[in-house]
Amino acid sequence: MALYLATLLLQVAAGLLNSWVALRMVALGNSGLVIGSLMAVNALGLVVGGLSGYWLVARLGHVRAFALCGALAIAASLGHDFSSWLPLWLLLRFLVGLALMTMYIVLESWLNEQAPNGQRGRVLAWYMTASFLGLIGGQLGLSLDGAASRALLDLVVICFALCLVPVSFTQRLPPTSVAPQARLRPLGFVRRIPQALLTILLTGLLSGAFHGLAPVYASQQGLDPGSVGLFMATCLAAGLLAQFPLGLLSDRFPRPRLIRLFALILALSCLPLLWTPVGLPLLLGCGFAIGLVQFSLYPLALGLANDRVESHERVTLAATMLVAFGLGSSIGPLFAGAAMELFGGRALYGFCVLCAVLLGWLVREPRTQSCVETAIP
């Protein structure tokens, strides 16, 4: 329970900060490409954090590494209030991403260490539920005050601070840390779990574009900050509702098959946002359908990967998966932001269709599919 509570509070802070930054940049008159660059730098911090975070967890242990990076996230978040100078914000977004990645590594490796293979889908369902509740709470926080309000930034800092408390007080023993001299070797996982890593990479593309640019897209449709928060919360609520049925399904059916199915549904759900005038009801309906499947891809890939590794590889795997996710998240906002600059806001969902089609094609490769599906219980 302590780890789930920490996850919830961490995601309230992370989700609210992402949307606050995007809307603050819109209020200052910045383009979609500039906003996408900020989100890409944040994701680059995630990538670097996957490498440094692995070393920190190995050297300091789970609890101290989590506390150290929580303090860094607090300091970097407060720094946004000093100035709107773009180079400063790029640095701060990088530091927040670096800190968040290490905190995710701690939580995910800790939970996966405790979960037997036959129950991993349900454990991850609880983890994703806590994540989505936090993200939804963060988006609804936009309605508490104006998009550029200092009060929202204060709420971010409070939640970052509070997420340290459950981890500090938990009575659960953390996983056995890897040796400090151990090295992260992602190529070994590329050979063993190619489909899981490809899914994580493309999910990162989708997630980075969504969290960084969906608030911009919604504001371009004429929505006020409260309605933008409602749209974002609707997408995330759909992902939340999908988690427990997904946990049961993923423990019973081959995960690559579910990934292909969800990629198809995702592409179809994005199409109406490309060619029709978008009012709030259609936006919420399509957002709900998109959220159901988009946010199911990450836990499917996690379950697929963790079924094929040994207990002592959990921290290494968590770091590798999060680095792949961070790479996707750093590229996604840049490409989607450039497309929105050239073709308008609806290009965001054209980008999502492209990613979904690519995902469905990649998991169909016969060689990787056969080796992965034989390993699924």
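Glycine too: its Cβ is placed from the backbone N, Cα and C atoms.
Summarising the annotation, TrEMBL assigns domain 'Major facilitator superfamily (MFS) profile' to 192-377.
According to TrEMBL, the transmembrane segment annotation covers 34-56 (among others). Within its own chain, the transmembrane segment (34-56) is flanked in space by residues 18, 21-22, 25-26, 65, 68-69, 86, 89-90, 93-102, 105-106, 178, 180, 184, 204, 208, 211-213, 216, 315-316, 319-320, 322-323, 325-334, 336-338, 340, which lie at least six positions past its ends and keep a Cβ under 8 Å from the stretch.
Per TrEMBL, the feature transmembrane segment maps to 63-80 (among others).
According to TrEMBL, the feature transmembrane segment maps to 86-111 (among others).
Per TrEMBL, transmembrane segment is recorded for 123-142 (among others). Away from its own ends, the transmembrane segment (123-142) comes close to residues 3-5, 7-20, 23, 107-108, 111-112, 114-115, 152, 155, 159, 225-226, 228-230, 232-233, 236-237, 239-240, 243-244, 246-247, 295, 298-299, 302-303 of its chain (Cβ-Cβ under 8 Å, at least six residues beyond either end).
Taken from TrEMBL, the feature transmembrane segment covers 148-167 (among others).
TrEMBL lists 193-214 (among others) with the feature transmembrane segment.
Residues 15, 19, 23, 121-122, 125-126, 128-129, 132-133, 135-136, 139-143, 147, 210, 214-215, 218-219, 258, 280, 283-284, 287-296, 299-300 of the same chain, all 6+ positions outside the transmembrane segment (226-246), place their C-beta atoms under 8 angstroms from a C-beta of that stretch. Annotated transmembrane segment per TrEMBL: 226-246 (among others), in sequence order.
With a threshold of 8 Å between CB atoms, the same-chain residues lying at least 6 positions outside the transmembrane segment (258-276) that come near it are 195, 199, 206, 246, 249-250, 282-283, 286, 289-290, 292-294, 296-297, 300-301, 304, 346, 349-350, 352-353, 356-357, 359-360, 363-364. What TrEMBL records for 258-276 (among others) is transmembrane segment.
For the transmembrane segment (282-305), same-chain residues at least 6 beyond its ends with a Cβ under 8 Å from one of its own Cβ atoms are 108, 112, 120-121, 124-125, 127-128, 132, 189, 193, 195-197, 199-200, 202-203, 206-207, 210, 218, 221, 223, 230-231, 234-243, 246-247, 250, 255-256, 258-259, 262-263, 265-266, 269-270, 272-273, 276, 317, 321, 325, 352, 359, 372, 376. According to TrEMBL, the transmembrane segment annotation covers 282-305 (among others).
Residues or ranges marked as transmembrane segment in TrEMBL: 317-340 (among others).
Taken from TrEMBL, the feature transmembrane segment applies to 346-363 (among others). Nonlocal intrachain contacts for the transmembrane segment (346-363), taken as residues 6+ away from its ends with a CB within less than 8 angstroms of a stretch CB, comprise 195, 198-199, 202, 205-206, 209-210, 213-214, 217, 256, 259-260, 263-264, 266-267, 270-271, 273-274, 278, 290, 294, 297, 332, 335-336, 339-340, 369.
Against the transmembrane segment (148-167), stretch 63-80 shows more Cβ pairs under 8 Å than any other of 63-80, 86-111, 193-214, 317-340.
Outside the transmembrane segment (193-214) by six or more residues, the chain places 15, 18-19, 22, 32, 35-36, 38-40, 42-43, 231-232, 235, 256, 259, 266, 294, 297-298, 300-302, 304-305, 308-309, 320-321, 324-333, 335-337, 340, 348, 351-352, 355-356, 358-359, 362-363, 368-369, 372 with a CB less than 8 A from a CB of the stretch. For the transmembrane segment (86-111), same-chain residues at least 6 beyond its ends with a Cβ under 8 Å from one of its own Cβ atoms are 3, 6-7, 10, 14, 17, 21, 34, 37-39, 41-50, 52-54, 56-57, 62, 65-66, 68-70, 72-73, 75-77, 79-80, 123-124, 127, 163, 167, 172, 174-175, 302, 314-315, 317-319, 321-322, 326.
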